[in-house]
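Peer 1: Pulled these from TrEMBL:
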- 47-148: domain 'Nucleoside transporter/FeoB GTPase Gate' (DOMAIN)
- 6-24: transmembrane segment (TRANSMEM)
- 45-63: transmembrane segment (TRANSMEM)
- 156-176: transmembrane segment (TRANSMEM)
Amino acid sequence: MVDSVAWFSLLIIPMFVLVVLVIATAKRLPTFDLFVEGSKEGLTISLQLLPYLVGMYVSISIFRQSGALEAFVEWLTPFFVMINVPSDVIPLALLRPISGTAALALTTDLLKTMGPDSVVGRLVSTMQGSTDTTFYILTVYFGSVGIKKFGDALKVGLLADLIGIITAIIVVKFFFGI
């Protein structure tokens, strides 16, 4: 089974490219010209998104380096202790909506330190899959089309992240006990 999945994974992208080329050739489309045109559009969009992404990454860095993350963790620890949830997961709950890379690095570190079958390991894995990088999504998608006011989308996205975190805690408590 694993060998067939690995084999399929190796072939899926080349097969997709081949199918696209065959269809484009059958329709007599200028394949290379369309590729170059799409590349130009992709580069233009990337350049338009760059200021938004730089702003987001600078903000994340300031948030982490200023001690604000640690202050939030300290503030939330009594609540997490009260509901019998390890305080090790608080930084992930705070970082996940902001930065997928930082959240993944933290998850990896916690899995190495605590182990994947520990309560913390199961909880951070479930939280990682139950939430999304709301700020990154808003920055990229809204920035690419020039929308500057996204207050309601931000509220809904953060609410969805909160629901994901709460659900992850409930599911891990139910299935694995904390």
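Glycine is treated like the rest: Cβ placed from N, Cα and C.
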Peer 1: Can you name the far-off residues of the same chain, 6+ from the ends of the transmembrane segment (45-63), with a Cβ under 8 Å from a Cβ of it?
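Peer 2: Hits for the transmembrane segment (45-63): 69, 98-99, 102, 135-136, 139-140, 143-144.
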Peer 1: Averaged over the domain 'Nucleoside transporter/FeoB GTPase Gate' (47-148), what pLDDT does the predicted model reach?
Peer 2: 90
